[in-house]
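S.K.: What follows is a structure written as structure tokens; I'll ask about it next.
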Amino acid sequence: MRHLLWPLLLFVHTRHVAAAVRRGGHCFDACDLTLTYLDFNDTDRALSKKSRTCQSALHATSLYLCIDEHCVEDGREEWLDGVNGTCQNAAGISIPPWTIIDTFTPEDRAHVRRLKAEEGMWYSRGPPLNEVVLPDDDFFDRAFKTLEFAFFEIDTHWLYGIAMYYFWAAVITIGICWRLAFLIQEIRHRNFQRIPGDDLELEDVNGRKGAQVTLRAYGLLKRYILVPATFGYRCAQNIGWCTIPPRVQSLTIFAFVILNLILCCISYPVFAGNLYWPLVSTQLWRYVSDRTGVIALANFPLIWLFGTRNNVLMWLTGWGFGTYNSFHRWVARVATVQAVVHSVGYTEMVFERGNWSLFMKYLRKHYFWNGEIATVLMCAICACSVYGLRRCHYEIFLVTHIFLSIIVLLTTFYHVEIFNGEWNIFIWPCLAIWILDRALRLLRILAFNRIIWNTYATATYDSTSNIVRLKVPCEQNLVRPQPGAYYYIYVLNDLLFAHQNHPFTLAYMSSNDGADSTDGIHISRHCRADSTTSSVSSESSSLLRPTSPRSPTLTFLIRPYDGLTSRLRRICTSASRTSVRVLVEGPYGAQQPLHTFPSVLFIAGGTGIAVALSYLPSLLREDGESEVVDVHLVWAVREQALWKQVLQTDIPSMVLRDDRFRVTVHVTKDVDDGGKDADDAIDSSHIADRRYDQEVIGHVEAKGGRPNVSAAVEDAAQEVGRAGRLAVVACGPAQMADEARRACVGVLGAGYTGVEYFEESFKW
Ligand SMILES: NC(=O)c1ccc[n+]([C@@H]2O[C@H](COP(=O)([O-])OP(=O)(O)OC[C@H]3O[C@@H](n4cnc5c(N)ncnc54)[C@H](OP(=O)(O)O)[C@@H]3O)[C@@H](O)[C@H]2O)c1
Ligand SMILES: *[C@@H]1O[C@H](CO)[C@@H](O)[C@H](O)[C@H]1NC(C)=O
Ligand SMILES: *[C@@H]1O[C@H](CO)[C@@H](O)[C@H](O)[C@H]1NC(C)=O
Ligand SMILES: *[C@@H]1O[C@H](CO)[C@@H](O)[C@H](O)[C@H]1NC(C)=O
């Protein structure tokens, strides 16, 4: 029992007299340690051991003589003041003054009895001493080394815990530099274009050669590190019960894991004869357990930071939620393994000195059972976060995840409580990050609509396209969404599920100037305007909250699967057009610099079209901000009705008429009412329905069957050539994204170094 408690005292003790201890090199403490095993007979036996030690003149004399013999004078006063202070606080006793050893002549000292370590430690169980004693040199050395290494370990644990922050700071710094380099290059490129032919002569051949080398190196970097999946081809798709992130992320995570492994394995100065833990194996258990415990704890704030939606780093580096989420998972896994080693180590040390009854005795200790619970729950969280559960039962996953994390944080708090709050410095940041994230989420909701319960969206479900179209009025919205922005949407119709929220990419915001091209909106506006004057109204317009016909709206295209999205569909099927009360949290997400590429290829699947829709207007703008000269959208859809609807109502006719834009639609299943063979049913003239002229039809091509993603990427790369720049954006099912990624790696390998891959998908 005492063995386990020592280090606790050690912690408390270090900070108490930290300054003196460092200078005295633990020498004073070593003398003190040799005497803690002894009991002197010159005090009242009724007092506590602590009071007796403080009071005993024999003890003080022995201690002072030992210090005088072994230690430099430097720092002694402070150290004694510390001991005196402890005695004052604990027992109200003042220790005897240093001058009590003045009477000891060198001869006296030579005659003082020297205790061997075995003797000295034996006395802890023997009769009290009646004389002044000193440790012999070996005893003192062992005490000194014991302390020296124990304190060294404490410093090392701390240092290695902090190393985690250095690691991630380095990673983030690289990310920021990378982004800055991209921006600077972008600005230079643009300035260069603004003044054509101006600088050409000034740029010397060397400079261009240098640029070429950089470009080639960058191409290789993309080919082998930045773009590919970690192994082979699967990246967005799961492999059994896990998902493996792209290669850069995997390398980062790998480096982190290796760093943790190394830091948990090195710097253990064990020796035979340690006074605390005589066995070398016990010392190892002890040090390893402490090391893993401290590093696990140091990893906590990182886990919380990487797991939150409002993460400053996301904003600094431009890396998406998915990237930080894989960091979140891996830091958490590493911390869990460390916590397990920590717990196993301490449990093993208990069993080394006792049996089940001793273990049960420990389990009654507050810090002990809290620690065991924290470890068990951390394992539970990891087990509940496997891809399968996350994917299939997202809501259940999220609720248990949050609930268990709260308990883990709480139990960890009580676990480290014994150290007088020393280690809370890793607990409070977690709480702060969490609270800050929640506050920012609330702020975003408020920024969207100050009266948060007062947002009524119009949801329409169309069974032919199997899409819920959600239109959210946003006249109160303060933050203008950027292309690629996504929002978390809560549906408040059923309070039981009100906490459920899913991210959806904003397809577009129809502005209030009436210039938006979508006929559907015009029609519905018309209906609404009519309904106020005439009795003719659409069947459900009474459900609609009267919104100003000119109010801007956000449009989301939602595929109903399960959970929130299927609930939305259920709500809608009661009426063809329904008003739902929603809470909108956003916008999130960074805009990708697609407008800096002359060519952009979208590979979209199903509702992934939302990503393309959100970027199209900004890519095709005329004000010179965009460098795009060619946008190709390859879009696979199951339902005929979906692509027709989207082309008719969601893509502005201005975009459709733009010569820079073309669409290839691939219909993979024909669920159109006609029931005809897919290839027959596909006819570009469909989209001409009343609205579009020949010019538009020229830009739209419809085909049957899945698109050949790699062929699409290769064609696009060949079109821009080896010197050209092309952005490939994948937004659709995981398999499609993986194919696009692989195709990009392929064309990068073929020398098209200007190809850049972007993936827009939500990964948890
Ligand atoms: N990031 C975003 O903003 C965003 C937005 C919406 C949706 N999504 C994601 O997109 C995914 C699908 O959405 P959804 O349900 O609307 O799609 P969906 O209806 O399942 O349609 C997907 C289409 O892509 C085709 N396809 C699938 N894999 C392909 C491949 N390897 N090569 C060529 N074509 C392929 C499918 O063909 P078959 O019929 O032959 O399978 C189908 O036509 C979801 O997982 C969702 O997470 C992302
Ligand atoms: C302790 O000291 C008292 C006298 O103060 C003496 O009578 C007694 O024998 C001593 N005990 C031991 C164990 O030496
Ligand atoms: C111990 O502290 C008390 C009160 O602070 C003081 O009066 C006393 O002189 C101190 N003794 C020594 C030996 O420093
Ligand atoms: C897709 O196109 C590539 C050539 O670009 C070809 O090698 C491959 O076989 C094609 N895949 C399918 C399924 O047709």
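The backbone N, Cα and C atoms fix where each Cβ goes, and this holds for glycine too.
Below are the features I grabbed from TrEMBL:
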SIGNAL    1-19  signal peptide
TRANSMEM  158-184  transmembrane segment
TRANSMEM  251-271  transmembrane segment
TRANSMEM  291-309  transmembrane segment
TRANSMEM  330-347  transmembrane segment
TRANSMEM  367-389  transmembrane segment
TRANSMEM  396-416  transmembrane segment
DOMAIN    438-594  domain 'FAD-binding FR-type'
REGION    530-549  region 'Disordered'
COMPBIAS  531-549  compositional bias 'Low complexity'
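Quick one: where do these features end up spatially?
M.R.: Away from its own ends, the transmembrane segment (158-184) comes close to residues 252, 255-256, 259-260, 263-264, 267, 291, 294-295, 297-299, 302, 313, 316-319, 426, 593 of its chain (Cβ-Cβ under 8 Å, at least six residues beyond either end).
Residues of the same chain lying 6 or more positions beyond the ends of the transmembrane segment (291-309) and with a Cβ under 8 Å from any Cβ of it are 153, 156-158, 160-162, 164-165, 168, 260, 263-264, 321, 324-325, 327-328, 331-332, 334-336, 338-339, 341-342, 345, 409, 412, 416, 423, 426-427, 429-430, 433-434, 436-437, 440-441, 488, 588.
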S.K.: Six or more residues out from either end of the transmembrane segment (251-271), which same-chain residues have a Cβ under 8 Å from its Cβ atoms?
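M.R.: For the transmembrane segment (251-271), the far contacts come to 145, 149, 152-153, 156, 160, 163-164, 167-168, 171, 225, 245, 280, 283-284, 287-288, 291-292, 295, 326-327, 330-331, 334, 338, 341.
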S.K.: Can you tell me which parts of the same chain pack against the transmembrane segment (330-347), counting only residues 6+ beyond its ends and a CB-CB cutoff under 8 A?
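M.R.: Sequence-remote neighbours of the transmembrane segment (330-347) are 4, 253, 256-257, 260, 264, 285-286, 288-290, 292-293, 295-296, 299-300, 302-303, 306-307, 359, 368, 371-372, 374-375, 378-379, 381-382, 385.
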